[in-house]
Amino acid sequence: MNPKQLIFHDDARDKIRRGVDTLAQAVKVTLGPRGRTVILERDFGSPQIVNSGVLVAKSIELEDRFENMGAQLLREVAARTSEMAGDGTTTATVLAHSMILEGLRYLAGGMNPMDLKRGIEIAIDAVVAELKQLSRPCASSQEIAHVAAISANNDRSIGDLLASAIDKVGREGAISIEDGSGLVSVLDVVEGLQFDRGFLSPYFINNAERQSAVLEDVAILLCEGRLSSLKDLLPLLEEIVKEGRPLLVIAEEVDNDSLAALVINTIRGTLKTCAVKAPGFGDRRKAMVQDIAVLTGGSVVSDEVGLTLGKVKLSDLGRATRAEITKETTTLIGGAGQPKAIKERIATIRKERELASSDYDRDKLDERAAKLAGGVALIKVGAATETELKERKIRVEDALHATRAAVEEGIVPGGGVALLRARRALLTLTGSTLDETSGIRLVARSLEEPLRCIVSNAGDEPSVILNRVDESPDPAFGYNAATRTYGDLLQMGVIDPAKVTRLALQNAASIASLILGTACLIATAPKPLPEEGAHGPGGETPMF
């Protein structure tokens with residue numbers, strides 16, 4: 001076992017503070033409509049220009065092991081917020097940084113870290129409740145466009161494009177993003193659907209950047225039951241390999257041996273493939289698999305219709321222009337099904353709806369019909385260079401996540417104002433001890449920081465603008481850093497998804513509480529460097 005280095009108490013907290021501070025300073029510059037970009041060195045190719053807090057955070061690794069612990073813990077805030085909300089990573093980092101610095105000052109004054117933590121938890125619960133009161137539903141297409149534009153670094157064209165996509169496929173519809181071939185981003189709606197099932201093994205991932213499996217011109221095997229053996233499928237698999245097509249397997253269950261065989265073929269490059277579970281449960285699962293069969297022009301392997309695995313031919317497989325599979329969803333784009341058959345299937349589903357006896361059944365049938373009718377909105381991102389394309393694609397993805405969050409939990413005034421207004425819930429709140437009350441005050445002070453950071457990045461004086469905004473009784477009154485004007489932020493289109501704001505706050509408080517309760521850091525001791533000019537036996541340089 002390698003020897004370890006240990007540091008305690010004030011020394012440990014000082015190292016944590018330095019690491020947290022270093023990462024936060026790099027991430028904070030990207031916040032707001034006038035936030036700066038960051039250039040990241042890459043091992044291969046040209047440097048990457050980004051305006052995304054989570055990408056900046058992920059790229060940072062500090063030389064000092066103890067300082068790096070602080071940086072990595074703060075990075076966890078950005079990563080967790082990105083995973084849960086898809087946006088708000090920089091806000092979460094700014095909040096966590098402020099809470100940690102404020103908390104370390106209290107600890108230096110001799111306060112109890114556990115009481116501080118309890119105070120932070122009390123404050124967060126009160127602020128989250130206040131945010132719910134401040135939020136309102138995201139009702140119009142214009143508001144969706146505003147949310148998307150703000151998330152895309154104030155790019156109105158991205159906002160309009162996403163609003164148009166949601167108009168065409170519905171708020172629950174599937175939206176996919178891919179590289180375009182021109183200078184301008186375009187929207188296209190194609191036959192396809194999305195369902196809530198992801199890959200059965202991460203070894204199927206072939207797009208590391210998006211953590212997804214992407215299969216182009218894909219053949220689709222649909223099984224109503226359990227896929228328990230690939231022996232019967234070997235002749236079919238050999239034909240698929242000869243054609244050079246990837247294979248997507250959708251089945252009720254895939255046993256371990258079959259899954260292992262598919263994974264091994266993928267790793268070896270013999271057959272590009274992916275396996276997912278069929279959507280739904282019971283009879284609804286059978287119906288949804290049949291929906292996919294109609295959409296893709298395939299047949300379902302089922303004992304009921306007399307089609308077994310040993311009898312499956314290439315012509316029985318469904319087809320799609322592309323399949324995108326993530327940990328949670330599968331999106332089929334450009335299904336090869338006949339338009340007439342798809343329309344007939346939709347008509348059948350609507351007749352079933354008329355006969356349905358419960359609201360739940362009617363809702364599920366409506367959902368199935370909408371997925372077949374709506375298709376998939378395909379946003380083809382255009383740019384002049386590859387570097388610009390990657391940066392723009394990241395912004396479109398951020399904007400898509402933000403719009404989903406806005407539809408889910410509503411919207412609040414943006415620009416850091418919602419957190420400032422929610423701070424009013426803490427004005428009269430106290431804990432059972434002085435240290436708990438200090439934890440509440442710590443959160444209250446930190447809620448100012450996103451607004452201060454946005455204003456600072458815009459080149460203005462944070463304290464002056466903070467006081468002006470805080471004095472107004474209007475909850476929507478704030479400062480628009482893009483135009484450098486005051487007014488009703490909701491009317492100006494400066495809005496944030498309530499879910500993103502809430503998760504940023506909760507994740508920041510979670511990591512800050514953990515760090516403030518830390519009393520010891522343990523890291524592997526660096527290996528001593530060999531003395532310069534050292535030689536092996538007999539004065540000769542050793543051979544390796």
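The backbone N, Cα and C atoms fix where each Cβ goes, and this holds for glycine too.
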Binding-site annotation, Swiss-Prot, ATP: partner of THR30, LEU31, GLY32, PRO33, ASP87, GLY88, THR89, THR90, THR91, GLY415, ASN480, ALA481, ALA482 in ASP11, ASP14, ASP470, ASP496: ASP496
Collapsed DSSP category at THR30 (ATP binding site): coil
For ASN480 (ATP binding site), the three-state class that DSSP assigns: strand
Set of same-chain residues at least 6 away whose C-beta sits under 8 angstroms from THR91 (ATP binding site): LEU31, GLY416, PRO450, VAL500, THR501, ALA504
Protein Cβ atoms within 10 Å of GLY32 (ATP binding site), excluding its own: 26
Other CB atoms, at most 10 A from the CB of THR30 (ATP binding site): 24
